[in-house]
Each structure stands twice: as C-alpha cells, then as structure tokens.
Amino acid sequence: MLCGLPRPSFAALWRKTNAIKTSKYNPFTFLPLNLFEQFQRIANAYFLFLLVLQVIPQISSLSWFTTVVPLVLVLTVTAAKDATDDIVSKCVLLFPVLRLRSEKWMDVQVGDIIRLENNQFVTADLLLLSSSEPLNLVYIETAELDGLYNLKPAVSPLSRTLTYAGQKYPLDNEKILLRGCTLRNTEWCFGLVLFAGPETKLMQNSGKTTFKRTSIDRLMNVLVLCIFGFLAFMCTILAIGNCFWEMNEGSQFMVFLPRQDGNNAAFSAFLTFWSYVIILNTVVPISLYVSVEIIRLGNSFYIDWDRKMYFSRYNTPAEARTTTLNEELGQIKYIFSDKTGTLTQNVMTFNKCSINGKSYGDVYDYTGQRLEITKHTDTVDFSFNPLADPRFMFHDHALVEAVKLEDPEVHAFFRLLALCHTVMAEEKKEGELFYQAQSPDEGALVTAARNFGFVFRSRTPDSVSIVEMGEERSYELLAILDFNNVRKRMSIIVRSPEGKLCLYCKGADTIIYERLHQSCSKLMDVTTEHLNEFAGEGLRTLALAYKNLDEEYFNQWKQRHHEASTELDNQESKLDELYEEIEKDLLLLGATAIEDKLQDGVPQTIEQLSKANIKIWVLTGDKQETAENIGYSCNLLREEMNDVFIVSGNSPEDVRQELRSVKRLYHFKRTLGKGVKLIADELVNGEYGLVINGHSLAYALEGSMELEFLRTACMCKAVICCRVTPLQKAQVVELVKKYKQAVTLAIGDGANDVSMIKAAHIGVGISGQEGMQAVLSSDYSFAQFRFLQRLLLVHGRWSYLRMCKFLRYFFYKNFTFTFVHFWYGFFCGFSAQTVYDEWFITLYNLVYTALPVLGMSLFDQDVNDVWSFQYPQLYIPGQLNLYFSKKAFFKCALHSCYSSMVLFFIPYAAMHNTVRDDGKDVADYQSFALLTQTCLLFAVTIQLGLEMSYWTAVNTFFVLGSLAMYFAVTFTMYSNGMFLILPSAFPFIGTARNSLNQPNMWLTILLTSILCVLPVVTYRFLFIQLCPTINDKVRMDLLPKQHLPPPPLRTRIRRTSSRRSGYAFSHAQGYGDLVTSGRFLRRPALSGSSGFANIGRTTTGFSPMGRSAGYSPTGRPQNAKVPDDTTNKAILHKNILILYF
C-alpha cells in the first residue's frame, strides 16, 4: 500500500520540489510589485509629484491632505482588487500522495518513488515502474492536458529500459506519465519522479503570466502625457502673464501687499507656475481611476450573474476571473480557438447508413414525406438484444426489421463493423460491456453493431469473439492492415468458424471506390447519392467493402507479408505494396454516416461572430482531415467560399511557394514594403479559407516567412492550423499581436491551450469537462463555446460602450471645470486664485458628479441583448476604436474649451457692475463664484442626459439626487450657523440665499445651459441625417419595432455540401500491431453465454457507452443527471484514455 523506499541523495542536491504557483504575487512581493505596477500609470506618479509640491507653502494654495486622501484611496482600492483577482487565480495543490508517509504535492521531489491510486492525478512527470494490471498496463486520462481521448499505446520499461543483465536499454517518451493526467481503471501504480514543479512538461508549456492591460489603458497613458504637456502650456502662459502683471500693475499694490526681500517679478512668475500646476491638476482627476475600477468591477459582476451563461448540466456559471479587461471584450478582432472539447463534445453518433443501395436512418409518414427527427420521435426497440446499449437511439425501424429477417447484406454490414476495428472490450461482470476505443468514430460504429445484434465481446492476439444474433462465434485473426494518413482505410483478414477466409475493409469512400470490382458500378452510383446526402447534412461518411480470399493465394501473400515486415530497409513501402495488392476487387457493402457532436450552438455562434467581422482561427493538435471536417460542420468553412487553400509543404521553399500561389489569387488593396511595423487589413474580392498543417506552420513562423504567412492568413475569412504544438499556438497568437493592430482572444479547455490563453490579450477557459488548467490561467471562463457570443456581443460591447462614454464625459466635465480657472486667471491678476468655492472644488468629483456618471457607466445600453444578437454589426465600431480615440479626445477638449468660455464669460458679463433688485448689494466675487459653479453643474448634467441612451429609475435618481444634493449642501455650508462654527472654513456666509433668489441669476443659468448644449444638439442632428453610424441606423430601425417582440434566433444551421468526410479522423497509425502483439490486452473477458436467451432485456447495473447512438469513451450516460459524488463527477465529466505500460 505504501512505498518505503528512501529518498535518493541526488534529490537533496537538486532541491526540485513539486510546488507550483499560478499567482502573480506572494505576501512578501505583493506591496512592492503592486505599487510598481500602479505607478506605471503616469497619472498616479503625477499625483505623487503634486503631493510633494503641496507641502511647499510658498507654492500651494490648497492643503496637502486634499491630494493624499484621494491618492491613498485609489492605491488601496486598486491593490485590494488586484489581490482579490490574484487569489481567485491562485492554484493550491494539496492532494495527498501516498508514500512511506502521506505528503502534499508540493513536497514531492525529483527521485521520489510514489504510489498513485485509481482516480488520482499524476503528481509529477513520472517513469512508470509497475502497476496492478497485467503486463504493467495503466489506464490514464489526458483530457486535462490536450482534451483528446484517443488511446496511446506504451509499455512499462522497467525490465527493458534500465541497465539490466549487463545491458543498457533506452528510455523514451512513451514510458512517461505526465503531470496533469488522471489514473483511471487501475488500482495502483508506482512511478519514479523525473521532473517536478515548474520543470514538468505541463508547466514548461504554460508560458509566463504577464500583466495584461487594455488598449484603453495604453491610450490613457498617451493621453495623460498630452494632458501634462497642455497643463504645462497653460501654466506657462499664466506664469508669463503674472510676470508682466507684476511688472506693470503689481507695484501699485505694494502698499497693501509688500513683497518679501528678493522676490521679484520673475520669481513670482516661477511660484505662480507651480501654484497653477496644483490648481489646474483637475485636468487629470485622480477620481477618474477610482471610477474606472468601480465600472469594471460592476460589469464583471454582470458576467458572473448572467443566468443565460449558466450551464446547468455541470452547475457551472460564467466567471470573470479578472476585472480589468471587460472593455477589451468589445474590441476583439481575432479569436484563436482549440477544437476538441472547445468546439466539439468528442461524441460520435451513428445516425444513418446505406446498405446494398438502400438508405436507413430517416423517418417517413404514411404519405412518404420525410419527418424531422426530434426527441419525441419513436425510437427502435432493441429489447430482443439483452446486450444492447440501452442509451443507443435509432429511429428507423426498417433497419432492425431487416436484421431480424436475416437479410444477408445487412448481416454482412454489421459483421464487418463488429470485426474490423481495434476496439478493446472489458467485461468485469456478465453482460456489462465497456468499450475502450482508440477513436470515438470506432466506438460509435462498434456500439451500433452491438445494438443491431452483432456484439463485439472480446479479442486475443489471434482471434476476435463476437455474438451474432445470440450465437457466440470466434473468428481467427490472421492480419490487420493498419490505418495511416495516406491509406485512409483499415482492413482485417479473418477466418470464420466455417473456415472461410474474408477481408473486411472500411475507409474514406473515395479510397474504397478506387479498389472496387467492376460489378459494383451500379451499387456505387446509388451509394454515392446517399453519401452526397449524408455529407450535405454535415455527417462523417465511411465506405465498407469486403472480399473473399483464396486459401492458397493468402498463404503466399502472408509469407511475403512476413518477409516485408522483418525488412530493415523500406519496410513501410513494401508493406504498402502488399496492402495495395490484396485490397483490390473489393465488393461494396454500403456506407455509414456518423455525426461528430458539436457543442450546442457552435455553428450559430461562429456565424454571429463572423457577421461581427471577427476572424476565427482554429489551432488544434488533430490531423488535417479532422480539423477540416469540423470546420465545415461548425460553419467555419462553407461551400459558398471562393476557395479553401491547403498549405502542406515539407520544406521552406515548398511552403513559401504555396503561400505565394495563394496570394496571386487575391486582389490586394495595397502592398507593404520592408521594415513594416504593422500589417493593415487589405481588401480581398471574395471569401477564402486557409488550412495549414503543423510542419508547414513551423516553416511559416520563421522570421523570413512570418510576414508573408500572416498577410496571406489575415485575408482569409477562416484559418485552421492542424497538428500544432502548444508552443506553436502561442507563437501564432504572438505573431498576430506583433503585426496587427487588433485585439486577440484565445479560448481553450486543456493544459495544452494555456500558453495560447496567456499570450492573447484576452484568455477564455472552457470549464466543465477537461479539468481546470485552462480555467486557472484564463481571464474569463464558462462551460460552453456558445456563451462566447454573449460574452462579446453583449457584455463586451456594452462594457466598451459604457467605458468610452464614461471617459468622454469625464474628460468633458473636468476640462470644462478646469478651463474656467484658466480664463479667470486673466481677470484676477494671475494670482492663482480659484474661481470656485473651495468646498465645491472638493465635492465636485466626489459628490456632485460622481453618481450620475457611474449610473450611466453601469446601466447604459444602446440596444438590449436580444437586438445585439440580431444586429451583430453593432460590434464593428469597437474594433475600429470609433467610440474613444485620440481624435475623440481632442474633440472632447475643444467642446470643453467652448463650454468653459460660455460658463465664464456669460456669468461674468451678467454680474459685471450689477446690483440686486432692491439695490442693496453690489455683485461680488462670492456671488460670481456661486453663479459660475451652478451654471457649470447644470451644463454638465444636461450633457450627461444627452449622452445617456437608456434611462432607468436608478439613473434618474442619481441625476436628480445629485442636483438636490448640490443645493442642500450649498445652502447648508453658506448658512450663518456653519460660519459661526468655523468662520475660516465657511466664508461664503449668506451668499446662496442672497443670490439664488434673484431672477437674473436663473436667467443666466438657463442661458448658459442652452448655449453649452446647442452646438452638441445641432451637430448630432446633422450627423445623424447626413452621415449616420451603424448605431444610429439600428436605433432608427428599431424605433417602430420597440413595442414588438424580437424575432427568434435560428436554432439550427443545416449545411448543404458535396464534400465527403474521411476515415476515422482521430485514428492513429500503428495500433494494429499492438492488437496482434498481445501486449495491450487487459484481463480476459468473462466466459459465459451469449445472453440471447429469452430472458428479456436487462439494464440493471449497465454502464452504456453513448448518448443517442453516440459513443463517448468514458462510458458515461450523456443525458443522465450528474451524481453528487465528486469522484463519480470527475469520471463522468471526462473520457478515458488508456496508456499501455
């Protein structure tokens, strides 16, 4: 039970522990690293500089705490948010490992020999030493590493890979258990730790955790620099004005304001410059950053709370794992997606078939009209077969009737499916069959044969046992002609119990047709029609054929086969020649049609994202045929495309030539010269797709060719990269980031996607089946790919729209507020006197204008979520940075300059040399300050109302409440009571009640408000009429429809295609040799009756393998309710992969 071997001495020297971390901080580095990160924001560093200035009394006219308190508040709130985000992403691994003593993962070191038990994670990269299974086999699941379920053969190397009996035996990668795998169906195993912690392959492929900033953050840094320059410019003008004023006018005031010794006009101007730096600092308000963090946090909660992104099957809600990237979701241009587990479920469904020229699988009514199959359609009753999979569903009763009537062609069809494969059967109890298949394609076909009465029961290296309609029969296995990417077919030669020799073959229809006998021409034409129909529905097709063999010829062929298989030179080519020789003059049996189960809503999601001008690249480790067919199934590749180009060169020259030949078919808008920094989008006539395999991609990513590859790929509507490594996935993302001014998103579900997720601007992890490695490294996570369209088209677009509106309005209100000080400087002797009351300056951003702009930034929306899906083109302005850019910023600054002039000069002219109606009081500075700040507040509030598209009760309360708060605070602070309590702090005694009861004050407020918003209203009216944006067009289109229910979204996309699927796309070469070698077999199957006696159908304790005629290697019921037990949940959520040691 426990391993008692001592820890090797070299482990103490290496000190390689198994501890890993996915967080950015630890308790010691948090404060310095976080402060360093925060002060990379220029505004924060600027306010620290202001704090230093404010402690100099000769310069500052404001108290030092007016800057300290906001700065500390901003740093504290941001640090708390960053700490929370980091804790969420932190991965602490504390599962015990059984040794001499129970230890945590982090304590495992290189050289340790550890014991793992069933359903435990592999704790480090291990060399397998022994296991509880025969021949030292272990069964592992790598779903968390690569999302794939294919069986990968290997064997324990203990007696063959170490120094033994004076000889040395090599170790290779096939003998290694990688960290992140899960032990399945194996009681225990022992392993030697080779690599631990960050040295494991899992962590080496994960890439670095980088600080991600949005494009708006980067733009803000540039704009803040511009603001600093403009601030210095304004302060310089005012300082020069002060110098001239002191020289010309200042001497007249020396009687009242005597200068200190040594203070001349130049020194006064120097001090004035820094004084105005402090007074005009509101052009970069520190409250901006607090508000931004609050808005991002609120929009993150919307994602977490969205019930439409909740997946009830796995009880998995969407999660925003970071709060700093929400608006970036509204600017995505490129999506990089994994395939297996992300786009697909990896569940194959046996849907239809063609046998001897007759098509099965469709359902017809009594008039002969084809009916649509739904969940309410009657299914075939397989009760005649007690060994049937109870969750296999088929709707065409004609096929089972043909089986019962003993149609010879139908029997031969299913006999082929039951014999020609490399599936393993496990039967621990009588009647409980578990199939372990190298590919889900094979599992689906064998499961279909099982239900129709041809049950694959067991195999040995030289025999295959099946149950044919209740009769157990054993076929002698003479040869397996294995599959490879060139052959695209697999054959098996068996001898029946009657002594008849037969070759059974299945493969891609185009390959099988080339090897058919001439007598099959008519049947081939009919079957071709069926194949075209199947392919048009997006099904994966497969042709089946057989051939009876002559005993004498086969003996000769077998001798030559043995000689070729023992050749050292040209072994593969000689075997291929022999295979070609015997696989000819075949007789066609029919064809199968398998549905590769996509995740729900994948085609619709891809179609919607494509309409939003988002380009989708699929980066997968699967081979080309698999990826290409999934591309057609999920609507990524379409028959309507002008062409789909294949790049598969085996040398740099070949790849370059293929890329250039593709490029010649395009019509460029413009070309690029040498030394380019960015590649702009180029117009192409038509739609194209590009498929490139892994070895060609390796050449294409070289420095001399990367620009040519990128330019070609970016002009395609869809790109599929197959057979790519995790490193290549990250390299492709980095290439696009480097040369395209676009925001990228990577989405995946396995550990092999982690580097890609970290490399992209936005990383999304799919949770639910493939483990948590991708989720732990992601910025956002959810359970289904279809939720991506809601994340981008709704939450992302709204977040970006709200943030841009917030920034435009925030800069407007603060620039307007600050510029009034600038104009006032020309009328106050450039003395750095403030135009507003000091309390108004303090409360303007914190109280009077804080909640209205937050309300707009949290609740505003141009159209609702349903109409966002109906008009995905609304997403395009975000990709083009139309809502907030340098141009929009400078427009905002000009608007603020105009408004500030209105807000200063109109009240100034209205108050100049005037008295009250009763003639008692002359207008003074305090009355002017009150009038100006009241006009300002009304003007910015009305401007906010014009910006807002969606009024709610909360927004209305915030706007009206802020105005009411202003008057309540103003009357309170300007009252006699506050003056008596603290005269120096409340000098504006009686100003509010004496000024605001004058009609001319309210007339001035009305006039300034109208003049401030009149240009905006005029501009928008003309712009909508003459040059409307996509938002304007949609909103105008929706006006007559807003009281009508939105049209329903399409629920299904049916593809019509003449393209055929290839053979068993996830199948791997070399597996047939293991079948015949006997090294891979598990315990022998239980012997017993065939189970076809009249005992009725038994399902008690049955663990079927599929969902609605589908095969999933886990053997879990796909539609069943997930158990509460966590161990069972882990088994049900993943598919099993067997590693043969």
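Glycine is no exception: its Cβ is also placed from the backbone N, Cα and C atoms.
Features of the protein shown, as given by TrEMBL:
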type	residues	note
ACT_SITE	Asp338	active site, 4-aspartylphosphate intermediate
BINDING	Asp338, Lys339, Thr340, Glu442, Phe483, Lys506, Arg540, Thr620, Gly621, Asp622, Arg723, Lys729, Asn752, Asp753	ATP binding site
BINDING	Asp338, Thr340, Asp749, Asp753	Mg(2+) binding site
COILED	554-588	coiled coil
DOMAIN	17-68	domain 'P-type ATPase N-terminal'
DOMAIN	775-1028	domain 'P-type ATPase C-terminal'
REGION	1103-1124	region 'Disordered'
TRANSMEM	62-80	transmembrane segment
TRANSMEM	222-245	transmembrane segment
TRANSMEM	265-290	transmembrane segment
TRANSMEM	806-827	transmembrane segment
TRANSMEM	839-859	transmembrane segment
TRANSMEM	888-908	transmembrane segment
TRANSMEM	928-946	transmembrane segment
TRANSMEM	958-982	transmembrane segment
TRANSMEM	1002-1023	transmembrane segment
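Everything TrEMBL records as a feature, shown here on the structure.
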residue : record                                        : Cβ within 10 Å
Asp338  : active site, 4-aspartylphosphate intermediate : 30
Thr340  : ATP binding site                              : 26
Phe483  : ATP binding site                              : 25
Arg540  : ATP binding site                              : 27
Gly621  : ATP binding site                              : 24
Arg723  : ATP binding site                              : 20
Asp749  : Mg(2+) binding site                           : 34
Asn752  : ATP binding site                              : 32
Asp753  : Mg(2+) binding site                           : 37
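Contact between the transmembrane segment (1002-1023) and the transmembrane segment (928-946) is present: at least three CB pairs lie under 8 Å, with pairs separated by 6 or more positions in sequence. Averaged across the coiled coil (554-588), pLDDT for the predicted model comes to 88. Counting only the Cα atoms, the space from Asp338 (active site, 4-aspartylphosphate intermediate) to Asp753 (Mg(2+) binding site) is about 7 angstrom. Closest to Asp749 (Mg(2+) binding site) by Cα-Cα distance, out of the binding-site residues Thr340, Phe483, Arg540, Gly621, Arg723, is Thr340. Only residues 6 or more beyond the boundaries of the transmembrane segment (222-245), in the same chain, are considered here, and those with a CB under 8 A from a CB of the stretch are 41-43, 46, 265-266, 268-270, 272-274, 276-277, 280-281, 283-284, 822, 825-826, 829-832, 886, 889, 893. Pairwise Cα distances among Asp338, Lys339, Thr340, Glu442, Phe483, Lys506, Arg540, Thr620, Gly621, Asp622, Arg723, Lys729, Asn752, Asp753, the recorded ATP-binding residues, top out at 34 Å.
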